[in-house]
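**Student:** One structure follows; several queries about it will come next.
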Amino acid sequence: CLGRVANKLFREIVAHSSNVSSLVLGKASGRLLATGGEDCRVNIWAVSKPNCIMSLTGHTSPVECIQFNSSEERVVAGSQSGSLRLWDLEAAKILRTLMGHKASVCSLDFHPMGEYLASGSVDSNIKLWDVRRKGCVFRYKGHTQAVRCLAFSPDGKWLASASDDSTVKLWDLIAGKMITEFKSHTSAVNVVQFHPNEYLLASGSADRTVKLWDLEKFNMIGSSEGETGVVRSILFNPDGSCLYSGSENTLRVYGWEPDRCFDVVHVGWGKVSDLAISNNQMIAVSSSQNNVSWYVVDLNRVKKSGSVLQGLIQDKLIPAPTSALGTTLRRNYERPTTSCTGQDPEGERRSPSSEDEKEDKESSAEITNPEDYKEIFQPRSAVIYVDLFVYFQAGQLKGPITSSTPVQRVEPTMIAAAPRPVPIGLNAGDFLSHALNAKASVMGDEEALAQIRKGHDTMCVMLTSRYKNLDTVRSVWASGDVKTSLDSAVSMNDLSIVVDVLNIINLKPSLWKLDLCTSILTQIEELLQSKYESYVQTGCISLKLILKRFWPLISDTLTAPPSVGVDITREERHRKCKACYKQLKNLSNVVKNRAEQVGRHGSTFKELQLLMAPLY
């Protein structure tokens, strides 16, 4: 396809001293990037510059989400503790500290015209904040799980929210109530966005689909499948002609009415976090641990209309229905000059307190690169957009990874699941005996090869043993008995085998039965306390599925009054539920302890702690 030569890696940097937990591009210009990390900092970068421009401090827990306002003069960041901090980038100072969420803030958006912003949390609540009065204007309740994305409509009257409960909800800001709910997704919805002109909403989900909704009739008008992974970012073209979807290493270009895929661009960006468009070039960012990478796709080389990539069929473009005046049948947004208003029925509005003023003073904006700061923020009109693709042709941007301000590096205590360019804290000499270290300089080729073969043989034995164990589990699985397969994996006393089997079962939640829970909960307890990141992730996913599918059954069974007569099936179910309850009770203590740690896993364990609240 045309996209094969349209993309390149622009730059890779070390953005934070610890894992990057959030990042967002400035949509208006595509020239600014904000990153948040587990080091509790927010760093501001220019796409065309290799060094950090400004470092914002004040949060005392990891930064979970960030958002620029429409003019890119302000940036707000939500933390794992539930607090929000707002900075003025031109004045280089903290403006507001907003408190109120009871759990990690995981989504933010600025109102397009007024001094308002919305925040969504793991506690499932959405809050609308008045920045000038430093208080909560309204609280929207309706989601049952974490709110992963928020988006205001272009006219500022509606708010769309996407959640882990697989729903997209539309809220009326003036009336303070939900307008409608879309339920067609089968997994967590990660991102939503309004069409820039028409009454149209797009959503992307972990079920690898992108769906489009008509906001006049409140029905789905399109569903595009074929994504290579979880849909993490979507973006309408500025003229509204097409929709871009970013998933695992792939950019897709969609049309609607009818559903069409115009182009597929294979990009090596991994799990893309955000997209923006500048000078007909798409800028994308992704992160891996404490590294951030920029990618650029030249949209001049990407098809945005005219063909349908289904098999190898090329069809003529079917024009969108138009009226006599040449406009689409859906209405366009009206953009009033007034901002949204609302009343707080729950009395959450509050005036600034002395404690808040103290927190504001403790926050700061450190300008780490004064020249770049002046060029971009003072004055704003002096900014010249950079033609990024020219750099690729000139080959000027290939070079070593550069770091921002020097910060003391903190080595992680957990073995990361993703590969790193350099092993963490490993010294090749530590793997040799002291005698060999002493004579390493005079070691001959034969002796060196003997040492290498020795380690190689050991690894081959381990991998052969694992292969045999997996083959045994597979042969049992072929009989259709998932319970026996899992029991055989547990009996091998090898957590790696258990993880392999659980990863398969987690992909199809319908395979989970109450029998499986009684067999695997003890193993999940070991996985949650493992030093391997991938083991912890698998354990968390499995525990979350068990709680969502079986906790209501366990609770209802144990609290139900005794039945009259003999009911063997009910007694057997009661026995299994009692065993599961006992194991979950033990797990609740592990989850509670791990929820106190900082970082991505701390956030995951806090979410599990909320699901396990009835056990405390």
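Note: Cβ is positioned from N, Cα and C throughout, glycine not excepted.
All annotation found in TrEMBL is predicted automatically rather than curated by experts.
Pulled these features from TrEMBL for this protein:
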| type | residues | note |
| --- | --- | --- |
| COMPBIAS | 327-342 | compositional bias 'Polar residues' |
| COMPBIAS | 346-364 | compositional bias 'Basic and acidic residues' |
| DOMAIN | 454-612 | domain 'Katanin p80 subunit C-terminal' |
| REGION | 327-372 | region 'Disordered' |
| REPEAT | 13-55 | repeat 'WD' |
| REPEAT | 56-97 | repeat 'WD' |
| REPEAT | 98-139 | repeat 'WD' |
| REPEAT | 140-181 | repeat 'WD' |
| REPEAT | 182-223 | repeat 'WD' |
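Context for these features, please: burial, neighbours, distances.
**Tutor:** Across the residues of the repeat 'WD' (56-97), the predicted structure has a mean pLDDT of 89.
Helix, strand and coil residue tallies for the repeat 'WD' (140-181), in that order: 0 helix, 23 strand, 19 coil [DSSP].
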**Student:** Tally of helix, strand and coil residues over the repeat 'WD' (13-55) according to DSSP?
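**Tutor:** Taking the repeat 'WD' (13-55) as a whole: 0 helix, 23 strand, 20 coil.
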**Student:** Should anything in the same chain at least six residues away from the repeat 'WD' (182-223) have a Cβ under 8 Å from its Cβ atoms, list it; otherwise answer none.
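**Tutor:** Same-chain residues near the repeat 'WD' (182-223) but 6 or more away: 145, 148-154, 158, 160-170, 229-236, 238-240, 243, 245, 247, 252, 254, 256-259, 328, 330-333.
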**Student:** Where DSSP helix means H, G or I and strand means E or B, what are the helix, strand and coil counts for the repeat 'WD' (56-97)?
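**Tutor:** Per-class counts: 0 helix, 24 strand, 18 coil.
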**Student:** Per DSSP, what is the helix/strand/coil residue tally across the repeat 'WD' (182-223)?
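**Tutor:** Final tally across the stretch: 0 helix, 24 strand, 18 coil.
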